[in-house]
């Protein structure tokens, strides 16, 4: 047995590097309704328009716990009401900020609208032109006609005409006054109702309506182009519908009276038709209106329905009817417009919009759906919403409807009588008055994502503890890398098959979605396809590009099922089953018959797990795309996500730590079997990151000797323990010596280590145990009497200040190491089994902190809590390393740690009051910058007292903000240009790792330990040197290290100079300022020379950067 004396860690109180105190910024807490009532039970509220936002700053008192049940219920009601009132007032403030001042900003736009109206009205009538005449006319004007595919042939019989619009007016959100301020601006819809006389009865068939509409639009474009108005014109497919191009008029940037650049808007010129132009009954979803080219001249036969085509025509009939209906509803329901603004904001932050590539559900669909729910949609024909609801109640009720009602299996039908209206593979909210499914642009995958987001937000609104207002309305949540667990970029073939039911891109996307859904089975809870947006087309023929269009891709986003996504074998139908043939056709060569242990013979597909760096679900996508779309497409599929998992070992679970946990179980068993100890062992607790699946390096891989993992041993209670702190430490040493003696008899290598030798109130010894397979543990003894004795000493008012600081530090260390530390380890262990992606996410996050030299200031436990919060505070936790890591970085980038705690799990309801008390006791945040309360650490300061200090916390936030938008490779590149100097450590003194020697076969490796190897265990030269430097120069320099280098920043207050006084704790030189004032300033050269002498041979060089 060998005894080693370890260097004690510095326990002196940190001083803030920024010199002067900062004023603590407070952030108001926002409440949310937490009741679980059904939509029908949402009670009516008083009008909140007269309430002022000053109420937000009122201190909310948490009700005390009364004795009677009636008082308890009253306390709960008061708590909910208080939180709800604050949420309502925060909502009012949001609405006041996003409303547009129409009189102030829109005057130039309205002048431009009047000019456009005059130009359009003066366009001369044109009647019965053939296709040749139309094309010749537009070629003269150099105007491109935006004919949709299929283009009209030269032999078509129908004629083209133009007459001035029957009616022109503004529609959409601008007319309803529900426009919201947003960075990219908004659009004003100018609707032109085309006269029915330019159409024939059967123009709804075979794209004739859309071809005539395109000519009508080109005529208007030519007139505006020739008018000389300061506008930039282009064609854009309305909501990504290739059948319905529109004109987009953008400001040219001029400062004329009609220049509307400052208004930040565009003008959409949209052709429309009246409801009576075509028979609605012939455009029902089950009717065919676009027959195959070869059969257009035949009258007989049965053709498949064309619901998308039919809906595109009917959608052009709804503009004025919808705006009139919405005006009527908004006049009866006072909160309707504000609820529309809340819905618009919620949708925008999540990337939803009316465009097909944005899900096909935007502000217009939200408004129409809400107006319909005011009329019906509930049980027995009742309305889902009440006209007396507040804006918040309407918003929440619509979310609850979207989250709970399956509009695919249970469509919402209005005014359809006894008819059954079917919609293929998509949600259906059918308005029988106009014959249109208002969600006709929504795809199956887009609707599932909308339901998913609505369910998540509903749970956030019902959270009784944590306030989620910012997450609901203020944070952008549309980044695919943050929203999904995995991404696949799938190229779109250049030549898509065209049919008469959907546009080619939607047809291809539906085929791809069905293929992925069948192939991934229950590995993915949700599959979402993001289609590429359609590009604008120039008005002029000369502006059309002749170069090939850029390659387009579909983004397939997966929300994984953590329990099934890494399954290696898929079971199909039994041998001889009728579905076996289709199963083999779908999987091709991958399908095979296999006999399983239970005797069943099943069609099966087996995926490789060892020889591929790809996850199994990525292998499936690659195989299916290659098999069904060809090698050219399959080889160009790009996956995002596997690189995150491969950076920490490739497995998205805790399996890599199985040898470590087995070694720990071996130690526990050996300790419990020890005979001859004065007291029986009551509990053995793990404390080290390696024993909670969260260490960056996985121990015992490839024969490496494990760095000692901290373990806490607690003996049974006994009255024979001494009542003096120093005596208790001596008793612990005696116990450790006896344990060492007994363990050595069990073939373990042991040694006693001493620590904190200058601090008698702290733990003074530990026992290191090393096994021959390479596992190593560091055992400390926990005695519960120590905390009582330390707290008793702090009650002594006559205790000297220096001694009080020592006792305070000892008590804090005791709680962290022996009380909170084991509880934290148990919690992370439990959550790592519950969330397989948690362990690798933590490890990757720690690697990120270490890359940026932050691991010395930010404790491992604090990093773990940041990651844990990402998993436990959402109803949709991450299921991959990518989403877990990136969502945590996003949280760090958005967390205002100065003004609010980051609550993890279910904590006491007075967490805000505890945080306020912490800030009041330390307003400059010299001791606690970040606060993360948990159930086992309600104050949230146990793991943040030693760091990060305020300046480092600010750097963590800044780095996280840069990382969330960076590529994976760039995230882990750190620059030292921001530091003042960098100390480079000789490579031979960096953290050693002892590898196995002998056999080249992994299963035959055996670690050959020497006394030198054991002596180096736990020795981290760069960290020990950084600790020593911090003890000497901590008031002058902030040190950062990653194990290979030590970077330093000079304290600005020391650099700026100070007047002379005795006992200045750092080397100085005199300096005469401009006003002949003599001050002492930091002698940087001397201090760096001192550091060089202290480091000696362990230093390679000191690089001065600034």
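Note that the numbers count up from 1, one per residue, in the order the chain is shown.
Cβ coordinates are placed from backbone N, Cα and C, and glycine is handled just like the others.
What TrEMBL lists as region 'Disordered' is 1-76. As annotated by TrEMBL, compositional bias 'Acidic residues' applies to 35-47. Summarising the annotation, TrEMBL assigns domain 'Nrap protein' to 188-331, 335-475, 481-629, 655-833, 835-966, 976-1102.
On the 0 to 100 pLDDT scale, the domain 'Nrap protein' (655-833) averages 93 in the predicted structure. Looking at 335-475, 481-629, 976-1102, the range that has the most CB pairs within less than 8 A of the domain 'Nrap protein' (655-833) turns out to be 976-1102. When Cβ distances are compared across the two stretches, the domain 'Nrap protein' (335-475) makes no contact with the domain 'Nrap protein' (976-1102), since fewer than 3 pairs at least 6 residues apart fall below 8 angstroms. For the domain 'Nrap protein' (976-1102), the number of residues in each DSSP class (helix H, G, I; strand E, B; coil) is 44 helix, 33 strand, 50 coil.
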